[in-house]
Amino acid sequence: MSGEIISNEQRFHVSMSPAPGGSKCFDDDGRRKRTGTVWTASAHIITAVIGSGILSLAWATAQLGWIAGPTVMLLFSFLTCYTSCLLASCYRSGDPVAGKRNYTYMEAVEANLGGCKVKICGAIQYMNLFGVAIGYTIAASISMAAVKRSNCFHDSHAKNPCKISSTPYMLAFGGMGVLFSQIPDFNQTSWLSVVAAAMSFTYSSIGLALGIFKVAETGQFRGSLTGISIGVVSETQKIWRTLQALGEIAFAYSYSLILIEIQNTIKSPPSESQTMKKATLLSVSVTTVFYMLFGCFGYAAFGDLAPKNLLTGFGFYNPFWLVDIANIAIVVHLVGAYQVTCQPIFAFVEKHAARIFPGSNFINKEYDITALPAGFKPYKLNLFRLVWRTVFVVITTVIPMVMPFLDNVSGILGAFGFWPLAAYFPVEMYIVQKKIPKWSSKWICLQMLSVACLIISIAAAAGAFAGLAMNLKDYKPFQPNY
């Protein structure tokens with residue numbers, strides 16, 4: 001550790017002295033030149049969107065059937081693309097090229113809507129991000145346990161039920177989270193997003209290939225036009241499962257939580273909104289192709305019996321080594337997705353701590369660590385960042401260890417966050433930004449879109465609550481559960 005100390009106050013002083021029109025080293029807001037492109041933004045989006053949730057799309061399709069399943073996926077792809085473009089238009093206030101930048105979702109809401117809506121937006125956004133972080137911890141531990149269980153199944157020739165506790169694997173994921181959480185900010189996570197995006201394509205491709213081979217092996221497309229049959233499940237279960245499936249698909253596309261933060265990494269010219277819209281179209285198109293293929297071939301392979309997770313629910317047993325590779329890829333992807341998701345929370349807390357305690361060395365000073373391998377730049381260690389981010393990761397690890405069914409709680413949070421974050425705020429901000437007259441045809445269409453998303457959120461929340469109630473019946477903490 002060198003003796004050079006750099007304070008946040010000094011860095012903030014530089015950032016608050018913008019060079020008009022920008023310069024070779026600094027952007028128009030005085031911050032270091034952004035380097036993000038369509039490709040890095042797309043990598044961030046794909047990392048955030050194509051999560052392990054893709055593995056439940058066969059199950060979701062099984063609940064809805066051959067007509068409604070693919071139709072709902074296409075509808076949500078269009079919805080996500082459109083509302084994301086609305087939100088991307090709100091990155092700068094006023095002029096889309098030279099207007100004031102909004103660095104976070106909350107700042108965009110404050111600049112366009114103001115009032116109590118800012119606090120409501122912040123509470124919903126960060127609560128959802130916290131829930132997503134817990135969900136990633138649970139999903140990663142399930143995939144790690146699945147590798148162990150797969151090998152156990154193979155060694156015992158499927159005679160041993162191989163019940164395994166996910167607790168040790170949550171601790172392992174938490175350890176990786178502590179290490180990677182020390183990446184200072186969003187701009188420096190691009191390489192991790194690229195790796196994570198590659199991993200998402202890896203396990204998605206494996207799952208898709210296994211589904212195709214399963215269909216080829218049986219020689220038939222299973223399933224029905226209306227989804228899982230009454231008799232396999234009760235009428236009540238059919239309703240709840242349909243609502244859950246709707247939520248699974250809706251949340252599988254949504255990334256509005258971190259869209260503005262991703263956009264803040266993009267260089268200009270061309271304008272950030274133009275680049276972000278291209279990245280949105282590219283990433284949502286790629287995502288939709290994978291979702292459609294994965295969901296449909298998974299359903300065709302297993303029909304009504306499609307498991308909630310094709311790779312960890314043992315839809316596929318063999319070849320076990322290929323299933324293991326897919327589950328390892330899921331874990332690597334979730335390590336990256338966890339960091340991309342948590343960066344807005346980290347930045348929010350650290351920014352406000354620096355504002356409240358401007359004279360604190362613990363919070364504001366950075367120390368250059370030069371004892372690194374050749375070719376690496378000095379790492380800037382901030383003690384507050386080290387302590388606070390470690391505490392955050394510990395919390396998001398301990399909570400799912402005690403309550404591993406919290407992936408349903410994440411679904412509930414996602415349901416309540418879907419409408420305001422993916423529809424209401426983008427629509428309202430766009431109306432203000434573009435000065436759309438009230439009761440004009442465009443205004444009415446945008447409001448109808450917002451109301452439709454509200455109905456979807458309510459329906460998905462009902463399904464998530466029903467799923468949570470069913471899981472609570474069989475809940476036993478710290479017991480082998482996979």
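Placed from the backbone N, Cα and C atoms, the Cβ positions cover glycine too.
Note that the coordinates shown come from a computational prediction; the quantities given were computed from them, not determined experimentally.
In TrEMBL this protein carries:
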| type | residues | note |
| --- | --- | --- |
| DOMAIN | 34-468 | domain 'Amino acid transporter transmembrane' |
| TRANSMEM | 38-60 | transmembrane segment |
| TRANSMEM | 66-91 | transmembrane segment |
| TRANSMEM | 126-147 | transmembrane segment |
| TRANSMEM | 191-213 | transmembrane segment |
| TRANSMEM | 281-300 | transmembrane segment |
| TRANSMEM | 320-341 | transmembrane segment |
| TRANSMEM | 386-406 | transmembrane segment |
| TRANSMEM | 412-432 | transmembrane segment |
| TRANSMEM | 444-470 | transmembrane segment |
Original post:
Is the transmembrane segment (38-60) in contact with the transmembrane segment (126-147), using three or more Cβ pairs under 8 angstroms as the rule and ignoring pairs under 6 apart in sequence?
Top reply: yes
**OP:** Any chance you could find the range in 191-213, 281-300, 386-406 with the most Cβ pairs under 8 Å to the transmembrane segment (320-341)?
**Re:** 191-213
**OP:** Determine whether the transmembrane segment (38-60) and the transmembrane segment (191-213) share at least three Cβ pairs under 8 Å, counting only pairs 6 or more apart in sequence.
**Re:** yes
Subject >> CB contact flag for the transmembrane segment (66-91) and the transmembrane segment (386-406), at least three pairs under 8 A >> reply: no
Original post:
So, do the transmembrane segment (281-300) and the transmembrane segment (386-406) meet, by the test of 3 or more Cβ pairs under 8 Å (sequence gap 6 or more)?
Top reply: no
